[in-house]
Amino acid sequence: MGKRKEESISETRSRKRQRQEYTEENSDESNQEENSQSSVDTNLSSLLTVGEAGIIESIQLKNFMCHSMLGPFQFGSNLNFVIGNNGSGKSSILTALIVGLGGKATTTNRGSSLKVFVRDGETSADISIKLRNQGRDAFKPEVYGGSIIVNQHINLDGNRSYKLKSKSGTLISSKKEELVAILDHFNIQVDNPVSVLTQEMSKHFLQSKNEGDKYKFFMKATQMEQMKEDYSSIMKTKENARIQIEQGVEHLQELKRLYCEKKERYKNIGFVNDMRNSLEDLKHKMAWAVVSEMEKEIEPIKESIRAEEGNTEKFVQKLEECRIKVNEAEEKYKAIQDKLITVSEEAQVLHPQCISLKADVQAKRKAVNETEVLYNRFKTELKRLGKDDEQLCKRIEELKSSANQFSEPEKLERQRKITHLREQLKAFHDEETMIGQQMDQFQQAIYKCKEECARVKREGCDVKQALDAKQKQLRELNDSKTNTLKRYGPHMPAFLEAVEAAYRQGRFKHKPVGPIGAFIHPKDAELTLAIESCLKTLVQAFCCDSHSDERNLQLLMSKYYPRGFRPQIIVNKFQNEVYDVRQRGTHHPEFPTVLSALEIDNAVVANCLIDVRGIEKILLIKSSSKAREVMQFNRPPKNCREAFTAEGDHVFEKRYYSSNYVRPRFLSQDVEAEISHLEKEIENKKAQLTASQQRLYSIEDEIRQNEDHLHGHRRHQKELQKKIGKTNAEIADLENVQEYHSMDIHILKDEAKENKSKMESVKKDMQQQSKKMEELKNILQVAEKKLEEMREKINQVEEIAGPIKDELNQADSELENSKRCLQHYEDKQKEHLVCIKRHKELLAAKEKELEEKVAQARQIYSERIEVNRTVKSLDVEMIRLRERINLESARHGNREEIIKQFHDAKERYEDTNLKVKNLKKFLRLLEEIMTQRFKIYRQFLRLLSLRCKLYFDRLLRIRACYGKILFDHKNETLSITIQPREEDKASLNDVRSLSGGERSFSTVCFILSLWSITESPFRCLDEFDVYMDMVNRRIAMDMILKVADSQQHRQFILLTPQNMSSVPASSRIRILQLQDPERGQKTSNCQNRNDGEEEQ
């Protein structure tokens, strides 16, 4: 604000309304008093135009002090009265005006920080002030228009922000510098008590006992205090400059003495110039001699570069041949690999068919066996019936021959016994047939149970192996809590220590890197299973730089791992930088590759996975349906050969394979979750094993029961066979009795006939069963043939896969050899190019040095000199000549140093002399200016004081009072004395001895006096008539109205709790009546007493 005050003071006489100039500096005080009196009369009587720029059009408050909402208040352009009882918001408006236009909180005498102005319970307060911006003094009218809106936002922490808007509400700026520029342009000084005088400031001014404080108030109000401080600062600068001049004069004398001494020595060194000229000629020759020798050194280097560049083409051809071989080997390897994948897929497709055919053969074999059992049973029955038929025929013949030898009763008895025995025999045969069928059933049940038992044993063995593997994995995971390397096996930490020890002993050229899984970390935990399914055993693999390192690592592994269980070893040339795969890698906007989804700690590991697995070409897609859509339904992304899902499924362009992995084993970061999952799986496996054992016990018990039943039936069958034999013997004995009866013969013939009928039936059944058995055998043979063909196919596929694997290994070896050959020639080419580059760099350095030497030589001597002498001989002669010059210089001093010292001394003397002269000239000019300005300042101060006295005295006389203001500019004091009645001028009183009304009246008179000598577009006065009686109020009011009428270009805002009903109605006068807030009311209303609109 100090700068603004200084500028406003200095520009007051040159801007909007010019002050009267005073040119007679030596006029006496009486003349000044007369001139000032006439100026007062003129100012009080002149009518000016309505204020157009800088006056306040309106103000609105929100959550400010104790009010939630005040306004908006529309002010008139000339005289405004804001009336209302205490608490209605008058002082809040005045405080908001100071704060809203950038004033400090301390200026308002209402608090030390802005945060006190935020209403209790609210987080911020807002002030909106609209300034008129019209006429020829408008500020950026093309930007702001006819009004400038200043919005200020105050936070609860005491910070505030500004928004400067145009008349239309458009935001123009939020910088305080813009507000400062606007206030400077309008000469608005909210911290000047004359512009905005609060009640507390007026009270302090009138009741202060210190006359020096009153003088400071006057100086601050008129801005003479700022001018005085500026003059003091200039005088301090002048004093510092004077001290510098005194010091500079002393230093100048010393420099002049030194300059004279150096000048005398300079005159005494002219006789060594000849020798120096000769030395200069030798320098010229020396410079060009150096150039000639360097040109001779450069020529062999150029010849060497030409020879090396001639060999470059050979390396290029060799490299091209190696690259072709590598490409061919890669294509061959890829073709064989695809062939092997195709064969493996064929084998995988054939295995389910083989299992199905095997089950079909077993079912058909079982049907054949069952049919064969029935056929054999029919065959046995046919044989038995044949024997019975022979016996019947024999018996009939015997009976015929001996029919007359026995009596009739005996024949009947024998026939009865034979019939009874035959019935028993038939019952025995039926029972034997039933037991045979039951024995077949028991045998089939035993066969099925044994098959089930074998299956359950196999499943139990598989579960036991899986359980052991899970328990081993659980132990490894538990061990990995303390050492993560144990996740790759219990021997891994010890093995890595052995590798480290072997490397320190020099057994490895480069330390092997592994296991690979320890150097890779998935960025997304959901893709861990997919990455592990992709890398498979590579997670446990090791990387070696060379085959010799590989052999040493294999030898070391044999001590820790049995054959067949050793980690894979990959030989790949170690490099410190990861391959640039931006051209050959795949890119997808949504899904990452395996390479981008991993954080890889070692460049060797990254390069190894790129070479061996091509991880830059494999996408990771969480959803299987999305993976099918990307890889199969649409064309796969460029360079992408395969993809993996979050479940570990493998997706090709035309194939899809489900994963055998359920959980990640090595790369999972949540060990506790994996341990918990494994423990659950182990519990499930144990439960499966227990259930399998229980099932096995049940099946074995069932087998034992069936075998017991089978043994019992076999014993019963043997007993029946004995009974059948015995019965047949008894029948035979009875039939052998030589008795013949025609009736018995007839019965036997009937039996023989029935027996033959049975034989025919059995033969027919046997033929049908034989035919059925043949058909089933044929079907079985066809099924067995198909099964054999399928097995043959599988064997053929496996036989085909074996050579293909050998061929793949051979192709891999050839590819590795081709790569090593290519790497060898690449290294050779690099060495060759490095050699050429080194020679070229040497040549460039030599040529650059030659150019520098030529440039130096041309600086020494512009034309080239053909020199036949060597550098060494020239150097010897130059040394001899320098010695002579030095010898002479020792006598007279060094010439260059003397010349240099002379010129330096001369330059310092002349420069210092010029500075001292300029500084003296500046001080003389400054002294003249300051004398003139200070004289004007004193005159201006006296003039302001005189005008203030005259205004004050004139205004007091309106009330028939007498008083005066005494200025003591020397002691910087100001005293005010007032006599209420002019008759008693001898007894002047201090303002503190006056009544409240008289004191308020004197305050108004003094303020009006200060108003007359200061410039501001508006003036604010708080409660100017609070202690006046009706007479003093009327007189003060008339004075204010008269001043306002005479200064229509200025705006007056007067705050009072008194009723202004006596104020005459006028378009220039606006009265704002503030109402007392009702209980619970948050918005203070105002009523405009003027019905008419203000004329613009």
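Quick reminder: no glycine exception, Cβ is built from N, Cα and C everywhere.
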Name the residue range among 277-311, 312-346, 627-661 that TrEMBL annotates as coiled coil. 312-346
Which range is it, out of 96-144, 145-193, 439-487, 978-1026, that shows up in TrEMBL as coiled coil? 439-487
State the residues, same chain only, that lie 6 or more residues beyond the ends of the coiled coil (224-258) and have a CB under 8 A from a CB inside it; answer 'none' if no residue qualifies. 2, 5-6, 9, 216, 218, 905, 908-909, 912-913, 915-916, 919-920, 922-923, 926-927, 930, 933-934, 937, 940-941, 944
Remote residues contacting the coiled coil (312-346) - C-beta distance under 8 A, at least 6 residues beyond either end: 655, 797, 800-801, 804-805, 807-808, 811-812, 814-815, 818-819, 821-822, 825-826, 828-829, 832-833, 836
To what whole number does the mean pLDDT across the coiled coil (439-487) round? 80
